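Here's the structure, in structure tokens; my notes come after.
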Amino acid sequence: MASYDVIVIGSGPGGYVCAIRCAQLGLKTACVEGRETLGGTCLNVGCIPSKALLHATHQLHEAEHNFAKMGLKGKSPSVDWAKMQAYKDDVIAQNTKGIEFLFKKNKVDWLKGWGSIPEAGKVKVGDEVHEAKNIVIASGSEVSPLKGVEVDEKVVVSSTGALSLNKIPKKMVVIGAGVIGLEMGSVYSRLGAEVTVVEFLDHVTPGMDGEVQKQFQRLLKKQGMDFVMGAAVQGTEVKGGKAKVTYKLRKDDSEHVLDADAVLLATGRRPFTDGLGLAELGVEMTGRGQVKTDGHWATNVKGVHAIGDAITGPMLAHKAEDEGMAVAETIAGKAGHVNYNVIPSVIYTHPEVAAVGATEEVLKEQGRAYKVGKFSFMGNGRAKANFAADGFVKIIADKDTDRILGAHIIGPMAGDLIHEICVAMEFGAAAQDLALTCHAHPTYSEAVREAALACGDGPIHS
Ligand code: FAD
Ligand code: NAI
């Protein structure tokens, strides 16, 4: 038995960042992880492996569609799926080992095994019970089940199985046009699979800006993905290694069936808190199975905190990381803070989609007066040269004060461009502040400036 200032349960981006920050702040810290490797969903079966496959298949797409246009002749690369998998696994290993290195460097003890909290101030791992002045639950999330769809991780897969299918399917049905469905759907579509996305709503990526949703779906269709919208999946049936997906169209209740070699279930994730003993401990939960916390990530049980996918808010790695750092600082007696109004979200397809802050839809609902500055990448020289002119930047600012309220980008490097606007929002900047900032030419970021100019006297290049 050992005694710690802090024991963090879970080593995903929330947990490992929290543990490292606690140690840096002079607290004796351990992190419990039941997986074989550190890094949680994000590094092992989430952000990192999916981005590796998106990167590799984007290169293939470029070679097939754009190389010849630039005078680069020769045969397009063929796909060695086993090698691509090995590349992805290597990327995972480098990242998970990196966290192990950081734990050693910062003197964070890795308690290997599944942890539970038998009573406040104690964490049990295997047969050992450790003492902890503070416990941070960072146990993450898991795939939400869907009635009638049995995931076998072979033919009917979750995102985890989709990252390592035995072979590239000829026909793939994706259930859910959310972030996972469209990222992984893009991967297999680029690899030559016929991908059909079946979505319950009439638009893709719920919660995103309406104009972005429309253009995004249009561009994915152009790339070869098929969409069945307004359709509720009733169930899947697997026979002889093939699947049938039955869905009902909401408009007329008609039933339809799709054949597939692989089915990806991507209809959301839910908090994972199994085995922690939270009910026995008396930890309050929300109606959606999240650990209930106050503004400082404290639960109702003294000394027990929670962060990341296990609590409310967007299920994003960087949101978990920020909470990890903030709760560490709070525990160390400092002022931990997360600005939930400025958390960017990014979809790593091609083009990328990125957003921060309010959408027009929400502002309309609130009755708030706003103005919009929009600029198409068609007017951006760099984007045109790089065959990346599809998309736009949209900045939303307060009608009277010009203060930036949100931004929505679909286009090249959208996931990087959004951060200029995040920083501006953190500083309470007006659109004019961005418009008056010199931006290097030729860069994609000029499109952000032009959108800011469009909030005022107008852009130059449109
Ligand atoms: P997790 O990363 O889920 O980590 C929790 C860890 O706790 C796990 O390793 C688990 O084994 C461990 N654990 C749980 N219970 C116990 C216990 N009792 N004892 C010991 N260990 C325990 N987000 C982004 O921001 N960008 C992306 O590009 C992105 N891509 C994604 C792609 C996919 C396919 C998926 C599935 C998710 C993606 N996400 C992405 C979401 C992101 O992975 C999560 O938001 C993030 O991992 C949440 O971090 P966390 O620390 O809360 O939990
Ligand atoms: P999601 O919530 O993004 O999308 C789920 C989609 O499924 C929605 O469009 C929903 O309307 C639809 N749906 C629900 N029930 C349905 C049904 N019965 N039939 C058809 N469609 C149905 O969830 P997803 O894609 O599973 O991702 C889970 C979480 O993982 C995301 O919320 C996100 O936070 C995180 N993630 C983030 C990434 C990123 O930041 N780039 C990448 C991948 C995941």
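Just so it is clear, glycine is given a Cβ too, placed from its N, Cα and C backbone atoms.
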**Study point:** Additional site residue, GLU199, GLU255, GLU284 [criterion: listed by TrEMBL with GLY176, ALA177, GLY178, VAL179, ILE180, GLY181, LEU182, GLU183, GLY268 for NAD(+)]
**Key:** GLU199
Exercise for review: Run through the domain 'Pyridine nucleotide-disulphide oxidoreductase dimerisation' (343-452) and tell me, per DSSP, how many residues are helix, strand and coil.
Suggested key: 40 helix, 33 strand, 37 coil
Check your understanding: When you measure from each Cβ to the nearest atom of ligand 1, which of the recorded positions GLY176, GLY178, LEU182, GLU199, HIS441 fall under 6 angstroms?
Key -> none
Practice item. Can you grab the distance from CYS42 (disulfide bond) over to ALA317 (FAD binding site)? Cα atoms, rounded to a whole Å. Key: 7
Revision key, fill the gap. Should one count Cβ atoms within 10 Å of each candidate's Cβ, the recorded positions CYS42, LEU182 would be headed by LEU182
Review point. Can you tell me the three-state DSSP label for MET315 (FAD binding site)?
Key: coil
Review point. In Å, how large is the greatest distance between any two Cα atoms among LYS51, GLY115, ASP309, MET315, LEU316, ALA317, HIS318, the listed binders of FAD?
Key: 30
Exercise for review: Given the recorded positions CYS47, ILE180, LEU182, GLU199, HIS441, state which is nearest to ALA317 (FAD binding site) when distance is taken between Cα atoms.
Suggested key: CYS47
Study note, to complete from the structure: Candidates CYS42, LYS51, GLY115, ASP309, ALA317, HIS318 (recorded positions) with CB under 6 Å from ligand 2, in sequence order, are none
